[in-house]
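Here is what TrEMBL says about this protein:
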type     : residues  : note
TRANSMEM : 16-37     : transmembrane segment
TRANSMEM : 58-79     : transmembrane segment
TRANSMEM : 85-107    : transmembrane segment
DISULFID : C151-C171 : disulfide bond
TRANSMEM : 215-238   : transmembrane segment
Amino acid sequence: MLVNFAQISKSCARSLLIVLNGCCILLALCTLIFAVVDTKIVKQYGEERASGTFVGDIIISVACLLLISVSALGSIGAVKGNIKVLYIYIGLLMILVVVEMLIAIYVSVERYSLEFRVSDWLREDFFRNTTDEDVIHLKLWDDLQMTYECCGLNGPEDYAAIQHHIRLSCCPRAYRARTPYAQQQLYKTCIETASYYTEGCEDEIRNILRSDADWLVGVAVTSFWFEAAGMLLAMWVANNARDAVHVYKGAPRF
């Protein structure tokens, strides 16, 4: 009965460790995809303002690849019951936990700093003296307003403050119209019915940057608990495998 219970517990520990490593791999893949996509998104804020964020995304990507490798190593050790591989897995996880904590601190500080740098840049760019011929400036704000579904810096009334008409990109239906006549009619209706975006771009972009930072911190916390549980399970499996070897060596030979 005791032997059966020991075998069952050993099998459950191995299975749980494999499942846990699978969750770690899935989490690392999702975070890796996020880092790649985020790198493309923050490019619109300029390399000078987002340089630290680029570095953070690269570090996150490397950490994800390391977590995938270590998790795969732990799964192999669990399947084969290899004590040396399991102890190496535990040691690497300990190092990875420390590295991830440092990365989480760096990313949090950098995201917080990026939030204010982007706000300063948006204010400066929106209220600077421009003309209708400044194609780069207008294209930038059209892209921002359509991407984040916003209008102006703090709202559509900002266009009145700079003595400009509300941009066409504040009215999504008009902006997406295929002909100039349709754009003109839809824009007129949009202004008359006040159906344009009402939220300012500064708040929308800051909220997204803040939510991204919160998500990354949540991933770091989740990874920590997964890795802590993985270390405990790996120690359990390794100890069971070591005890089994001792029992085998101490068994009488016939």
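Each Cβ is built from the backbone N, Cα and C atoms, and glycine gets one as well.
Under 8 Å from some Cβ of the transmembrane segment (16-37) lie the Cβ atoms of residues 57-58, 60-61, 64-65, 67-68, 71-72, 74-75, 78-79, 215-216, 219, 222-223, 226-227, 229-230, 233-234, 237, all in the same chain and six or more residues away from its ends.
Listed by sequence, the residues of this chain that lie at least six past the ends of the transmembrane segment (215-238) yet keep a Cβ under 8 A from its Cβ atoms are 10, 13-14, 16-17, 20-21, 23-24, 27-28, 31, 34, 60, 67, 71, 74, 77-78, 81, 83, 86-87, 89-90, 93-94, 96-97, 100-101, 103-104, 107-108, 111.
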